[in-house]
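Taking it in order: structure first as structure tokens, then the write-up.
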Amino acid sequence: MSRRSRSLLSLVLLQLLLALQFWQPAPASAATLEEVRAITATAKDNILVLNDKNFPKYVEEPRDYSLIIIFSVHSNAFKCEPCERFESEYRLVTSSWEKMGNPNELVFAYVDFGDGRHSFGKMSITSAPAGLYLPPTLGPNASKADPIGYDFNRHGLIAEQFAEFVRKVNGIEMTIYRPIDWVKRGITAAVIITSLVAFKLMFKHILVVIRSVRAWSSLTLVIILMMTSGFMWNQIRHPPYMGGSASHPEYIAPGFQTQFGVETQIMAVLYAACAFATVSLVTRVPKIRDGMTQRVVAFVWLLVLVVGYSLIMMTFRKKNGSYPFKLLF
Amino acid sequence: MLSLGTDDQTRLLRVAALTGVALVAFASRLFSVIRYESVIHEFDPWFNYRTTRYLVEHDLDSFWNWFDERSWYPLGRIVGGTLYPGLMITASALWNSLHALGFPVDIRNVCVFMAPIFSGLCAVATYLVTKEVKDSRAGLLAALFIGVAPGYISRSVAGSYDYEGIAIFQMMLTFYLWLKAVKTGSAFFGGVAAIAYFYMVSTWGGYVFLINLIPLHVFALILMGRFSNRVYVAYSTFYAIGTLYSMQIPFVGFQPSRTSEHMAAMGIFGLVQIIAFVQLVRSHMASKQFQTLLLGSVGVGFVLAFAALVFLTMRGYVAPWTGRFYSLWDTGYAKKHIPIIASVSEHQPTAWPSIFFDLQVLTFLFPAGVYFCFRKLNDEHVFIMLYAATASYFAGVMIRLVLTLTPIVCVAAGIAVSNILDTYLKHSPPADSAAEKVASDAKSAVAGSSSDKAADKQPAKDKPTGVRNSESKLVVVAVFAYMMALFVWHCTWVTSNSYSSPSIVLASYTPDGRQHIIDDFREAYFWLQENTAEDAKIMSWWDYGYQIAGMSNRTVIVDNNTWNNTHIATVGLAMASPEPRAYEVMRKLDVDYVLVIAGAVLGYSGDDINKFLWMVRIAQGVYPEIQETDFYAANGQYRVDDTASKTMRDCLMYKLTYYRLNEMYPDGNAWDRVRQTHVPAKNIKLSTMDEVYTSENWIVRIYKLKQPDNLGRPLTDAAAFEENRRRKRKHVKKY
């Protein structure tokens, strides 16, 4: 556990307080592949939409098709950002399957928590999004194997990764047909052409920038400040921007090996303030000719430095409770 | 001293200060030796120690040809061709010269003190680099910083006998000589830099950073219009000699001409030649058109060469970036494709507290110092800038690379602080030699003794600029002196508390404050050495491979040199499978004993159950029969108590860890102190192996595999049959 943070995608945990024993589904007759295909052919994106009413009919009754079911949450009560991101990717997978001419008896289905609370409970799904593969229970490929889950934490929300899962459980190589985003491509092309033209026209000025110390120095300093404040950690781990609630926001994550997004910004600003004060003490103060002003300015910069550094150490003590040193507070 | 001139006095003081810094750097790394004993630490150092011992006992020739059959059974390992030999050769050279001088020092002690000695030398090298960039005053400060900075101490305490301990010194030495070569344009310094580079290549795989940074420096100089004959001479000699030398290391071989990591250096070498040629031709040509044509053809040639490189890479003639380096750019790569790299905790990205912990006050002095470099931009300052930017990126991506960042941080911080002291300690000109003295005064100010001397100094009245009032001088210097003192305290505290644990010997404190040493690892390894057959094969997770080979001198299946993912995955498969399947796998691997680390009794959190998910993931990558999701409890969490999944409770690792644990506690109260949960009270039955050894605090547990059943039954059936019979017999006796 210690080596990996589990909440990579910050899945929404659902409290499923279900009274399943009172739930008696209406008896339904078994569905066949043709029947289901007829539904999906008219449905949007080749998806069989399930809810508590038709779940027994299409999933629990003996069936001659295999199923991939996505359990998702699409309501305002639970905010599930990964669900929404995955849904569009899932539509890519299903429509690609249709473009391939539905090569075998696999059917893609979808349950929303709002319409399918009990279905979630039946498959003991406690977090969303969740994906399950169920082998057919009739026909030549019938099997009694357990459902196979897709691990969103490990494989992510990308259609290609999900297609790889489909290949693993179903055996058919999928190609994802991503619709070509002409607007995006047009913009890219325009940007490239414009920048090339600009490069040609303004070559002299660009050369000045490339050869200017100021450009290089600001770039380097920004990189340094960002990297030493844990910018890459945020890029890789995607932490929440800040913690707590709206009324009691928390800016500093407790714990030495973790941080909030905002911490990086706080630390970068503090480091920059201290560094700037140090530089100013050397570059600005000696140039002041008036003795009194010089004194005051020197003390002001020193104060900025000491207060900034004290704040840094204070923040650090919040992360590491046993840290014994402090400057001012 | 009075008879010496001021220059000599300055030099003497400087040498004395530098020696003092080197001694401090040495001494502050000795906590572990004083607190525990002179012992090799952790994991990798045990392999280095074992090979060094081999080198000392045999000669260099047999070292190159050594085939180690004690590791990676049944594959073995060609040691001479698969390691960086610099560390071992340095240690054995040191040992030999000590013996030649008549000091009969044990090789273990040479190895233990290797890193502290080279840290002292690294302080000197850092001094030299900083001196090239600014002056000797900044150099002394930078030397002090690198001497005590935890970012470097973390990898170089006494007993941490590893590549990095000496490689940072080599890196700084190479950088110094490179800067010298660029500044002077001398082929001599270029050649010496190449030799230093060779020494670095022979020691640490991190040389790739160096062989990309130096070409990057050259390339930036070209872009900024700073290309000169000096740069041409320096780089051409450095690259040509350095590459030829580096190819002499068997482990490196033809990589410099065949892998993408080295292609930048080669491309810049070509580019430098072309540019020099163009400049030469141009100086002999008058026609403007011809010049344009020439420049155009050079541009086309460059593009063609790049296309050729891409083509060769695609056709497989040039190896693409290896996963280890590639994962630095594409940070999600390792997690998806090479779990074995992602599993190592020091390959995780760095949160800001870790950087502050390792650098403290230097963190903000670092950008300040880099800024000062920009104010008078020379070729060497461009180098500092590039080093600072790239190293901070790498340090952000991987915790262990804070190590390569630390030297440049110290250099920049030295420049920053010395600029402050230059401004606020300055007294009447000519300031040159006196300022040196001031710098050494500043060093004593760092120690916290006297900063009030600043008040005695008279401000330079004839100068239009400068700080003219003594209060602000006094206060600024005092504040900085206090911050430096705080830094030194911080470093000592960090070193003492976090970086000085040998990790094979653990310490705990009894309620009355006495130290209690927990020595389970060595106890168990010694047991293995004394109680198992000479050729017994021990299976454990790869973390412990080097230690078992080094301390027990027994054959291991996998070890910390993680070169064969499949083999490691097979061990993971055995650990993650139910007993009968695991037995089958282990029989195929010819395993005699299984060793697991269990922290449940003591609360040792670095145990195998905590690492277990990585074993599962690595095994899953090769053997799809293992599925990570099966090991989570129904609620999706990783549990070991009653809610743990059946797969989890049936797997070998779980059984071996908790076998008989409940006998220690009253009924149903077996408790895991690492996971802080109850452990199922049901007795765990083992049918394919016997527990043969468990260390004092139950950290190390060793099991021996049973021989296959005489009647050819599966061992589980045989065990069930035996148990049945026993029960029946009891039954009969009763009546």
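Cβ from N, Cα, C; glycine included.
The feature transmembrane segment is assigned by TrEMBL to B:12-34 (among others). Long-range contacts of the transmembrane segment (B:12-34) within its own chain (CB-CB distance under 8 A, at least 6 residues past either end) are made by residues 1, 4, 41, 112, 115-117, 119-124, 127, 136, 140, 143-144, 146-148, 153, 156-159, 436-437, 440, 443, 491-492, 495-496, 500-502.
As annotated by TrEMBL, domain 'Oligosaccharyl transferase STT3 N-terminal' applies to B:16-412.
Annotation comment: TrEMBL describes B:78-98 (among others) as transmembrane segment. Panel annotation: around the transmembrane segment (B:78-98), residues 48, 51-52, 54-56, 60, 63-68, 105, 107, 110-111, 114, 161-163, 165-167, 170, 199-205, 249-251, 561, 563 of the same chain, lying at least six beyond its termini, place a Cβ under 8 Å from a Cβ of the stretch.
Taken from TrEMBL, the feature transmembrane segment applies to B:110-130 (among others).
Annotation comment: TrEMBL describes B:136-154 (among others) as transmembrane segment.
According to TrEMBL, the feature transmembrane segment maps to B:175-198 (among others).
Feature annotation from TrEMBL assigns transmembrane segment to B:204-224 (among others).
Per TrEMBL, transmembrane segment is recorded for B:231-251 (among others). When Cβ-Cβ distances below 8 Å are used as the criterion, the transmembrane segment (B:231-251) is approached by residues 64, 80-85, 178, 181-182, 185-187, 189-191, 193-195, 197-198, 201-202, 207, 211, 214-215, 218, 221, 257, 262, 265-266, 268-269, 272-273, 275-276, 379 of the same chain, each at least six residues removed from its ends.
The transmembrane segment feature in TrEMBL is assigned to B:263-281 (among others).
Summarising the annotation, TrEMBL assigns transmembrane segment to B:293-318 (among others).
According to TrEMBL, the transmembrane segment annotation covers B:355-374 (among others).
If you look at the transmembrane segment (B:405-425), the same-chain residues 6 or more away from its ends with a CB under 8 A from one of its CBs are 122, 126, 129-130, 133-135, 137-146, 149, 151-152, 168, 171-172, 358-359, 361-363, 365-370, 372-373, 384, 387-388, 391-392, 394-395, 435, 438-439, 441-442, 454, 457, 466-467, 472-473, 476-477, 480, 484. Among the features that TrEMBL reports, transmembrane segment is placed at B:405-425 (among others).
The region 'Disordered' annotation in TrEMBL covers B:445-467.
Residues or ranges marked as compositional bias 'Basic and acidic residues' in TrEMBL: B:453-465.
The transmembrane segment annotation in TrEMBL covers B:474-495 (among others).
Positions annotated as domain 'STT3/PglB/AglB core' by TrEMBL: B:537-594.
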Is it the case that the transmembrane segment (B:136-154) and the transmembrane segment (B:175-198) have 3 or more CB pairs under 8 Å, with pairs at least 6 apart in sequence? no
Tell me, please, if the transmembrane segment (B:293-318) and the transmembrane segment (B:355-374) are in contact, taking contact as 3+ Cβ pairs under 8 Å between residues separated by 6 or more positions? no
For the domain 'STT3/PglB/AglB core' (B:537-594), residues assigned helix / strand / coil by DSSP: 33 helix, 8 strand, 17 coil
Mean pLDDT across the domain 'STT3/PglB/AglB core' (B:537-594), rounded to an integer, is what? 89
